[in-house]
Structures are given as structure tokens and as C-alpha cells.
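For reference, TrEMBL has these:
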type	residues	note
TRANSMEM	66-91	transmembrane segment
TRANSMEM	103-120	transmembrane segment
TRANSMEM	132-150	transmembrane segment
TRANSMEM	162-189	transmembrane segment
TRANSMEM	195-214	transmembrane segment
TRANSMEM	226-244	transmembrane segment
TRANSMEM	250-271	transmembrane segment
TRANSMEM	278-298	transmembrane segment
TRANSMEM	313-331	transmembrane segment
TRANSMEM	338-358	transmembrane segment
Amino acid sequence: MPTLFVLSTIVGAVRWFSPVPFWDMWEHTVRFYTDILDGRWSAFLDQANEHRILISYALFWLDYRFFGGLSFFLIAVNVCLMGALWLCLCIAARSLLAERRRLFVLCCALLAIPCFSWLQSENINWGFQSQFYLAYLLPLASLLCMASWLETPRAASRFVWAAIFAVLSAFTMANGLLAPPLLVVMLAVSDRCTWRRMLCLITIAIGTFAAYIYHYSAIPHQSAPLKRMAEFLLIFLGSPLGVISHSLPLAMLAGAAVIGACTFLAFQWMCGRVRHPFYLALLLFMAHVGAAGAAASLGRSSYGIDTALSSRYETPILLLYSAMFLLFVYVNRAKAATIPVVCAISILTPLLILKFQWDAIGPTGPEVARQKMQAALALNAGIDDREVIGRIYPQNDAIHVELIHQIAANAVQHDISIFALPSMQMAREWIGKPVSARELVPCLGSVDAVTPVASDPRHVRFHGWAFDAQTRQVPPMAFIAEDNRVIGAVLTGIERPDVRAQIDHKASNAGFEGYGSRIGTGRLAIYCPRRDGA
């Protein structure tokens, strides 16, 4: 079953893949890279809301510099970061369960399920979300390095790596600032605390915070009542059950249970019943996730408590559950019932969330990717189709509408990201040109509907189908001509079972949608690019 989850998530990352930037990516990848091209290297230090995402900016730069800014690299990084999180948890399990090899193997297999669960799909298939994984991976790695140093005193390099990972954590997301103080706490409650080591970590924590707030601009957030923030936090902590049951009360109940379980585990440490350094590391990591949830409630609860069920919040909660599971297994490792209970959980857990895992390989992903490409086509042509553009940039107030078009126009000018694809270049270059002067050939098809764009009456939206009978293939892009002049570009990929039945079984996805400017009342013709043409 763990293998199924890992493989289906990898397949899902491929099926849901879209090279079109989504939401925050327009400002923090597209505009970021155009700023770099214009010589403003200080863009690496720009804030993303309240966050300093320096490490992710470095990944964005690599994606644009070497991979065309199409997110292939970024999605692959997201999958690798999920694997790294699972590996860190396995390292903790190995240390905690060193004398229980069978239990260790069972736990590692089970931990792969939450680490690769499609419940966190928004973080998996959104190229912008590397910082969301890094904001938990680096603090976890830092705490585990510190635990390893406490366990092996002579391995001084692990103390250094713990400090390095803690500093880097601050430049993932704002909650990463908690990583250096967590090391201070971990050292303070250990038996290896000296004033020099403590002074070193405190200096690092203060220096990291000072670097973070240098030229920092506070982001105003609408405040919410304390009751709503508390409800948001409870739903955040119990969100997997809320998603599964579609019930906010059950999510809050689960969140309260999580708080109770964490309190019990902390009590085990405070009473001296456990003293394993890796136990303390996971305990502090759970506190880190809880603090991140509390911080999210301050800034996000005003948007509604149901936003706590957002897919992107599932990543930290699934990690918290994983750490909590390991600590309970460690506390009960000597009991005969522990292995049967772990086996039962290994069966029950995937059954509970298997429905969501199938979404990774279902038909929704390719259709969502097609709709995003349609929105990119509108931006490519400078058409203000707010309904469609909302699929990739949901903020549709006047300021943000102007912003997204400005960013897109700048990207077109620099010929980067999605706008550098040959199909987008053709759509820009061929509109308004005579058909005879272009590498176009007539193809089968029909324009079934021509409707004005509600938010931009200067342009129309074309619906229909196109099929290249010569090659017996559906062309990715087709062009609409009127009076022998190209007036529009369309993208195929829409299911058309009627065309499949009447024309060719290979024409299943011949349906198209696109844009143009209707300039007359002449007959519309459909053309496809030549196979060996431009």
C-alpha cells in the first residue's frame, strides 16, 4: 500500500502538471525573474507576503535560468522534498526503535502514506510551494541533527549542521524563525548545556531574527475574534478528519484530541519517563507545527475558519501526526500489542484516504491543466477574460487585474515562461496575417459558437473542434481565419465524443476553445500548423 501511495502521487504530479504559473507565481516567479533580467538582483530579498523565501527564490531562478520557467524542475523538487521528509522521519524511527527492527520497518512503511498523501495535492502540483515543504523539512532536520549530537557527543559537526539548518529555516517561511529558538530550548533541557554553547545558539537566534527583519515591511492582516482564531486552530490541527468527513465540528474535535495527545507526550518527557534525544526532537517539531498553526490563525482566520481545511495545510498536519505516531510507538515499544496495533493502523489509514489518492490519477488533472493553458492564451493575447484568467489568478479586483496583465505583458516582452512556448509565440505572431503567408493547412473542424468576452467586448471566444485528417491527429493548436486572414487562435483538448463517433476514433479530444477578433461576417475556416512547418 505505501508503494501505491508513492507511485500514484508521482503519477498525479505528472497528470496534474501545468507549465502555466498559478496565483502567487505571477508575482514571485514571473515578475521576480523579469526583475532579475532587468538587473534588479535585490529581488532575491523581496518579501512574499510576510515571508522571506530566499531559498525558494533560488529554486525559481534555477527553474527559469535552466529549465525555461515551466515548473518541471519545481514540481520535481516538491516530490523530492516529500521524500526527504519521509527520510527524516525514518531516521528518527531508526534511532527510537533501534532494538525493535520489525517495528521500525513497519513504521517506515506506514510513514510513507502521510508523507506522499494526495491530501496535500495543492503543495504537490503547485510549483510555488517548495517553501512550504522546506519550512518543515529544515527545522526537522535541524532538530534531528541536534538530537544526533546529543546522542553522540564527539560528532561536533552535527551541532554545526543543526545551527545551519535552523538559520536556513528562517528563509523559507515566517514560521521558520522558530527553528533557532527551538534549538535553544533543546539544548537548555539537555544534559550537555554549557554557557558557551547556549550563548552561541542565542547569538545565532538573535542574528537570524535581525537579518530577517532587516528592511522588513509588516503586512497588515484583518483581525478576527479570539473565538474564531481558536476554532481555526482546532480545525487546522484536525483538518485531515475534517476533509474526510466534510465536517468542521469533527475537525475541531480531532484538533482537541491532538492537543490532548501532544500534552500527554510532553508530560512523559517532563516526568522523566523518557529521555531519548530524538523523542525530544520530535516533541519540539510538533510544537513547531502547532505554533505555525497558531500563527496561521492570526493572519488567515479572518478569511473564514473553513480555510483551515485548505489542501496546503495538510502537509504540516500530516507531519505532526507522523511524529506523534512515532512517539506513541516509542512509549509503547515494549508492549506485545504494539506491533498488531501498528499493523491495524497500516491497514486503516490508507483505506480512510484512498478515495483522495485516486484523485491523483483521475481525469480531473488534465482538464484543470487545459483550463490553465486557456487562461494563459488569454493573457498571451492581452484579452481581459476575467472568468478564465481567474483559474490561474483568482483575485479579480481592479488592482490585481491590472497587475496580472502588466506582469504577463512584461513576460511576453522578455519571452519567458509559458509565453516562450512555440504555440504561444505562433498565436502572437500569426494573428492578423494572411493565411497564404503562413505555414498553415486547412483541417477538418467546425466553429460551433462565437461569443463575446463579457469583460472584454473587443474580443470573442471561439468554441468548436479541429482535426488534422492528413496526420489523423488532433493538433494542439489551431487557427481561425476569415476572408483568408487569421483572426484567432484556439487550443484543443476538450472531450468531443460526437466527433470521435462521426469523424475518427483518434479525435476524442478535438474540442477547442480560444480567442480572436471577429472583423466581419465572412465564412470562418480552420487551419492547423504544418507538421514540418513553424
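Placement of Cβ uses the backbone N, Cα and C atoms for every residue, glycine included.
What TrEMBL says about a protein is an automatic prediction, not a curated fact.
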Original post:
Counting Cβ pairs under 8 Å that are 6 or more apart in sequence, does the total for the transmembrane segment (313-331) and the transmembrane segment (103-120) reach three or more?
Top reply: yes
Original post:
Are the transmembrane segment (66-91) and the transmembrane segment (132-150) close enough that 3 or more Cβ pairs fall under 8 Å, when only pairs 6 or more apart in sequence count?
Top reply: yes
**OP:** Report, as numbers and ranges, every residue of the chain located at least six residues beyond the transmembrane segment (103-120) whose Cβ falls under 8 Å of a Cβ in that stretch; write 'none' if there are none.
**Re:** 1-3, 5-6, 8-9, 12, 82-83, 85-86, 89-90, 93-94, 97, 240, 243, 311-312, 314-315, 318-319, 321-322, 325-326, 329, 333, 338-339, 342-343, 345-346, 349-350, 353, 356-357, 359-360
**OP:** Report, as numbers and ranges, which residues of the same chain sit near the transmembrane segment (226-244): CB under 8 Å and 6 or more residues beyond its ends.
**Re:** 119, 250-259, 290, 293-294, 296-298, 300-302, 305-309, 313-314, 317-318, 320-321, 352-353, 356
**OP:** May I ask for the residues of the chain that lie six or more residues beyond the transmembrane segment (195-214) and have a Cβ under 8 Å from a Cβ within it?
**Re:** 52, 159, 163, 166-167, 170-171, 177, 180-181, 183-184, 187-188
